[in-house]
Every structure is written in structure tokens, then in C-alpha cells.
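Presented below is the structure to which this report refers.
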Amino acid sequence: MKKGTRLEPPDGGWGILVCVGMAMPFVSGLAALPSFGLVFGDFLKSIGAETSAIAFITSAFFCAFSFAGLFSGSLFNRFGVRAIGLSGGILYFTGCLMQIFVRSTLDLLIAFSLIQGIGFGLIVPTSYTTFNNYFVKKRVMWMSFAQSLIGLGTMFYPVLMQKFLEWYGFRGCLAVLAAINFHAVLGMLLMQPVEWHMRRVPINEQEMFENTKPSQPVVTDNTQEDPNLLSPLTYSRKSSQKLSRENLRKLSSRSSSIASLGNWSGPVIVSDASPQMVNVLGSRRQSTAISNKSMPTSNNEERNDKQSVWQIIVDFLDLTLMKKPIYVNIVLGISFALYSDIAFFTLQPLYMFHLGYDKPDTASIIAIGAAADLGSRVFLAFLAMFIQMPSRYIYLAGAFFTVISRFVFLTVFDFKNMAIITAVMGFLRTWIHVPLPLVFAEYLPKDRFATGYGLFMFLQGNIMFIIGPAVGYLRDMTQDYVLTFHCLNFFMALCAIPWILEIIFVKFRRRTKIGATSESK
């Protein structure tokens, strides 16, 4: 009798290096925008394009970033995750090299906004997709570990840029920065396919008998895995269509916590995040590698001939996700929350100057908030070792309590209370940034994560591009920081309130269905 084995993601091992590889480009990428004025402020001032140029260049960066993310999922299916990540790392490094020789705003727009924006837009989904494949049981813990590395590097990034400007001058600083950003390429080299590091776990005869069902594929010792597939365990469309309603009910009853995802052995169906996912299994689009094996070539050719141009675009970008209300609610909520978070902490120093704080006190309070942010990342990593909670609930708690803390922020004016409330907001900020990719990982099946997250990047970038200037115009017209902060708090509430209403609606509908089923019996 052949010995049966089950393939499992390592949940560690090489995955730890994946976390380090993800942190390398993220440190420079996330710290580059806040430090952009610090590095290029004097240069732009010398060519007569200071404030307006910074706003336009950073907005164009987000635009290029979002478009690259939109096409990332389809590029993954065609060329592979690691190849696209390496391309993004090379583009990001190339943009840094080109900045050394900039002479005008147009040069900076091409080098920073276009090339670096596209490069970073390919790096982000590559990192999160690879991380999602390597970790199942300990996602929150290791994501918090990676985010702690990113937070630590982001804290020291502005200080290093200031020192490099003093030591080496403007272009010398850019040369050192390019050398640092070459780590983006090294980080993407660490994004090895999870199939190279899958663990073979022996199973007994009873498990082997259960796993012979279509919903639980088994890999025997004489089976070779296809290294081109993203999913740790492969299954065909034909086998997935044979799933009975009973099996679907069993799958849909799984909890969406990180611990329950450790039992993943096929399509992930998360009931807490989306009860609609029960019906997605038979209708969702499979990856190119799977569909090519499970469907005859002639049928594919006939279907492609009949497809309209719009249908090709819909399939290519996986736009059918926009038909799912819960996915749209997640995307809009996170997009509004991210914009509110970034804009709030950008305006906070200006508001404190308006209140009469000097630069040393303002810098100290901002540093306290950054330290609380870093401490919260470490705290969340340890908390995830003992308490398993859906990432979307963590994100919701962060958004809800952030709304409350901001109201308190507008009522304090002395240094001590300002430092305390800033530390609280910095602590809660982690709950908005760390669980972000995990929210999509829990909702989407693995083969749709890349396209789903890329579509989110596109929508989020354009939402920020639209509402950003509107809020800026409101601030310029009214000259009122308090009104602007209330407006930003409203956008944060657009994340918390619809999510709470969705949870209430889902729970009520589920109880109604259970009650109807029990009455029919």
C-alpha cells in the first residue's frame, strides 16, 4: 500500500525570509512619500516648483501604483509571481538611479511617479500573495512581525535621509538611497514559490480514506507537484463541481479565524467574512494553469471566439468581484480608512504648529505616536499567538476606536494630553495597517487573491486621487483644521459603520435561514 501524504504550507521556515524580503522594499516605499519633501524640497524650490509639484508628483505616484496593481493578478497567471516581483524590484531600483540625474519636474515625474510607482505597484501584490501562500495558521503573528520590521525601518528613514543630505549633499544622498533601494530586488529574490518549500505530512489510513473525496485531495509518494501552480494543493474544476451540498455546508461552517484556516486543503470558504462564498466555489474563475488542464483546448478556442471585448476585459481583470456586495464593502471601507489615516497624520504636525507648538515639541509628540505604533505591532504579534480573531474584526475595531480617539484629540491642547492621545492613535493605527492584506486573504479564495487585491489597489488609488484634492480644497477655503479633521473622521466612519451594518445583516439572515430550516423539519 502506498503511503499517503498531505502537503501543507510551511508556516515558518523559508516563510520567515519572505517576511524579511517583504520588509526590504516596504521600508523605502512607505517612507519615501513622507520624506519626499525632505529630500527634494530644496531642489524643487530651486527650480520654482515647490508645493504644487510635490502634490502632483505624489498623486501621480499613487495613480501609477494603482494601475500596476490592477494588472498584477493577470500578469501573475501569465509569467509567475516571482518573475513579476523581480520586474517590479528592478523598475523600483531603476527609478532611484534615474533620480540622481534629474534636472526638472518632468524628469522627477518620470523617474519617481511613473517608474517607481509601477515598480512598487508590482512589489506589493507579489509580497502579499507570496506571504498568503506561505502562512495559514500563523498569518497574523508573522504579518505583525513583518510590519514591525517595516515600522522600525520607517522610524529611522527620515533621520537617515537628513544625515545623508548633510554628509553627501543632494545627489550624493540620492546615490546612497539608490543603493539602499536595491534591496527591493534582493527582497523579491526571496519570494520563492511555496511549492519549493511545502511540507509533506504523513496521514493515517482513516485520513487517507476521507481525503480521497474530491474536497480533500491527497498526494501520494509517487505524485509530482506542478511547480507552476500557485495553490499548495491542486484540484481541477471537474472535481470541484462534484462537491455535494453536504460538503459545501461543511466547508461553509468553518470559522474565518486564522486558526481555522490552518485546516485549509482546497478552496477556502469563509462564512464570517462572506456567506456568499458558499456559492462561489463552482463559479469562480480558476487560474490559467488549472483551467488549461481541466478544459479541452477546442472548447476554450470556441468560447474565446464568441467572447466580446468587454467580456475579455472582465475575465482578464476579474471584474466579476465587483458584483459581490461584501467585496465592494470591504474595498470601499478600507480605501476610505486608509485615506483618512494618511491625511490625518499628514495634517497633524501643521495643526500642532497652528496651536502654537514649536518644532521640538511637535517632533517629540510625533515620535511618541510612532513608538506606540511600533509597540502595537509587536503586541499584535504576541497576541496572535494566544487569541485567534478574524482579521476583519481587528480592522473594524481599529477603525471604530480611531473615530472615538480623534474626537478626543480635538478637545486636548496641552503637551501631556496631546502626547497621550497621539500615542493611543498610533497604537490603533497598527490595527488598520497590519490586518489589511489578511482581510482579503480570509475573504478571497487563494487563486483569486492576486486579482482581488490588485483590483482593490486600483480602486483605492483612484479613490484617494479623487477625494484628496477635494479635502485639500476644503482646507484651503475654510482655513479650519477642526472642520477638516471632522471630514477625515467621517471617511473613517464610512469604514466602521457599513461593516457593522453588514455583520448585523449577515447574522440576522443566517439566523433566519436556520430558523426556516428547523421549522421545515
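Counting begins at 1 with the first residue displayed.
Keep in mind that glycine also has a Cβ here, set from the backbone N, Cα and C atoms.
Feature annotation from TrEMBL assigns compositional bias 'Polar residues' to 212-232. The domain 'Major facilitator superfamily (MFS) profile' annotation in TrEMBL covers 17-513. Residues or ranges marked as region 'Disordered' in TrEMBL: 210-232. Look at TrEMBL and you will find 12-33, 53-71, 83-102, 108-128, 140-161, 167-190, 326-345, 365-386, 393-413, 419-441, 453-475, 481-501 tagged as transmembrane segment.
Comparison of 12-33, 53-71, 326-345, 453-475, 481-501 by number of C-beta pairs under 8 angstroms to the transmembrane segment (140-161) places 12-33 first. Each residue in the domain 'Major facilitator superfamily (MFS) profile' (17-513) has a pLDDT score, and their mean in this model is 74.
Sequence-distant contacts of the transmembrane segment (393-413), counting only residues of its own chain at least 6 positions beyond either end whose CB sits under 8 Å from a CB of the stretch, comprise 140, 333-334, 337, 341, 344, 355, 380, 420-422, 424-425, 428-432, 434-436, 439, 482, 485-486, 488-489, 492-493, 495-496, 499-500, 503. Contact between the transmembrane segment (167-190) and the transmembrane segment (108-128) holds: at least three of their C-beta pairs are under 8 Å, each pair 6 or more apart in sequence. Within the chain, the transmembrane segment (108-128) has long-range Cβ neighbours (under 8 A, six or more residues past its boundaries) at 18, 21-22, 25-26, 29, 32, 36, 40, 44, 53, 56-58, 60-69, 72-73, 75-76, 81-82, 84-85, 87-96, 98-99, 102, 184, 187-188, 191, 437, 440-441, 449-450, 453-454, 457. Sequence-distant contacts of the transmembrane segment (83-102) (same chain, at least 6 residues past either end, Cβ-Cβ under 8 Å): 25, 29, 43, 68, 72, 75-76, 108, 110-112, 114-116, 118-123, 126-127, 130, 171, 174-175, 177-178, 181-182, 184-189, 191.
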